[in-house]
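Visitor: Dumping the structure here so I can ask a few things about it.
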Amino acid sequence: MLVLKTTDQEFSTRFQSLVSDRREATVDVSGTVRDILAHVKAHGDAAVQEYTSRFDHYSPHSHHLSAAFIAEQAAKCSAEVKAAIELAAERISSFHQKQLPQDIGYTDTVGVKLGLNWVALSQVGIYVPGGRASYPSSVLMNALPAKIAGVERIVMTVPMPHGEINPAVLAAAQVAGVTEIYSIGGAQAVGALAYGTETITPVDKIVGPGNAYVAEAKRQVFGTVGIDSIAGPSEILVVADRQNNPEWIAWDLLSQAEHDPSAQSILITDSESFAQQVIGAVEQILTTLPTTKVASSSWQNHGAVIIVRDLAESIPLLNQLAPEHVELCVDNPQLLASQIKCAGSLFLGRYTPEAIGDYLGGPNHVLPTSRSARFASGLSVYDFLKRITYLECNQAALQAIGQSAVTLAETEGLPAHAGSVAVRLQGLNDM
């Protein structure tokens with residue numbers, strides 16, 4: 001765990017090292033993934049079955065989950081879990097419903113009609129991780145924006161190691177209205193969604209997080225299909241003053257550290273004594289935390305505490321780090337928030353732990369990682385929509401602007417472009 005002070009002579013060098021820290025998988029899986037994708041593309045269901053048997057030790061007659069099986073598994077959830085899923089779905093839906101954009105259409109001063117129509121994607125694949133990362137919240141965060149956008153066909157893949165699945169995942173799928181679900185995972189699931197098999201019709205876009213093999217598979221099928229992003233390890237940056245309870249902040253830092261040994265948790269504070277209290281609280285919690293093996297590895301190898309002269313000094317540092325999650329645990333957090341240009345999502349004030357956003361705050365928890373918040377945003381309704389623009393010229397409009405189009409086409413050395421306009425202008429002149 002790294003402790004930095006902005007007053008230290010070597011701060012700039014050490015901070016830049018932190019900024020450039022690459023926490024993605026160091027093992028190159030591209031060759032293995034390329035082989036899996038090629039095999040799935042060539043052999044379809046047989047290849048999917050082969051890899052599922054090898055990696056998940058599961059060989060069902062069909063990977064398609066029946067409505068009866070989904071209902072049976074979902075019914076295993078307690079009433080409390082079902083109610084929590086329904087509340088989360090309600091809040092996520094409400095926030096994303098407000099994102100729906102309006103079409104644009106107008107006629108300009110020369111009579112040209114111009115416009116832009118928003119059109120939903122036809123079919124989308126949602127990858128839901130299995131094993132340790134089998135999260136019902138991921139189902140809601142990926143499926144509900146697609147449903148609200150108007151996607152007609154939503155396909156979900158989720159691995160079932162040894163034939164087992166978290167019932168809450170299927171309960172979330174029920175609530176989100178996802179009915180086409182296949183018990184496959186890994187690069188083979190991405191290949192099946194992208195290329196199709198005898199039983200799985202290919203989709204237009206694939207969204208959802210996964211391990212290094214899933215991430216690489218999404219990278220390789222991009223172009224054949226669209227993808228949301230290449231997800232890296234989780235990140236949280238907490239800006240906190242000494243008025244906070246250090247134990248609260250320690251729990252916040254560990255909330256991301258427990259995701260992955262490569263996750264990163266950073267505290268920025270203007271109080272050295274408070275920083276030490278938080279470090280002590282983290283170490284104390286780790287002695288009893290059930291996920292301590294993962295969280296300890298993350299905290300020791302990638303955690304950081306940065307002590308600044310004042311909290312205003314945190315802003316340029318934060319914008320360079322461009323973290324996935326940012327907590328502003330201060331009074332009047334909007335003052336700092338208004339200066340933040342590079343972050344996946346903000347959690348404002350002392351009573352908004354990032355975990356609220358993970359589950360049921362409303363905004364999406366699928367967020368840019370690995371400093372991609374410099375240029376990317378979290379998943380939203382817009383990820384499931386396309387924009388189609390249109391133009392319509394009447395005779396007068398074409399006569400008003402056509403000759404300039406001819407001039408530009410001739411300047412670019414494209415005579416057929418020029419001719420397609422010129423013949424119409426000539427025809428109008430001959431009328």
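Here the Cβ of each residue, glycine as well, is placed from N, Cα and C on the backbone.
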Visitor: In Swiss-Prot, the substrate site includes Q256, H259, H325, D358, E412, H417. Which of S234, S377, S380 does it also list there?
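Guide: According to Swiss-Prot, the candidate sharing the substrate site with Q256, H259, H325, D358, E412, H417 is S234.
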Visitor: On a simple 10 Å Cβ count over all chains shown, which one of the binding-site residues D358, E412 is most densely packed?
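Guide: Of D358, E412, the one with the most crowded Cβ is D358.
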Visitor: For the recorded positions listed here, H259, H325, H417, which shows the highest count of neighbouring CB atoms within 10 A?
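Guide: Sorting the candidates by Cβ neighbours within 10 Å, the top entry is H325.
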Visitor: Which number gives the other C-beta atoms within 10 angstroms of the C-beta of E324 (active site, proton acceptor), all protein chains shown included?
Guide: 29
Visitor: In the structure shown, which of the binding-site residues Q188, S234 has the fewest Cβ neighbours within 10 Å?
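Guide: Each of the binding-site residues Q188, S234 was scored by Cβ atoms within 10 Å; lowest is S234.
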Visitor: In the same chain, which residues outside the set Y127, Q188, N211 have their CB within 8 A of the centroid of the CB atoms that define the NAD(+) site?
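Guide: Other same-chain residues with Cβ inside the cutoff are P129, T157, P159, G185, G186, A187, A189, V190, G210, Y213, V214, A217.
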Visitor: Out of the recorded positions listed (Y127, N211, H325), which are within 10 Å of S234 (substrate binding site), Cα to Cα?
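Guide: Hits: H325.
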Visitor: Pick out which of the binding-site residues N211, Q256 has the most other Cβ atoms within 10 Å of its own Cβ.
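Guide: Neighbour-count leader: Q256.
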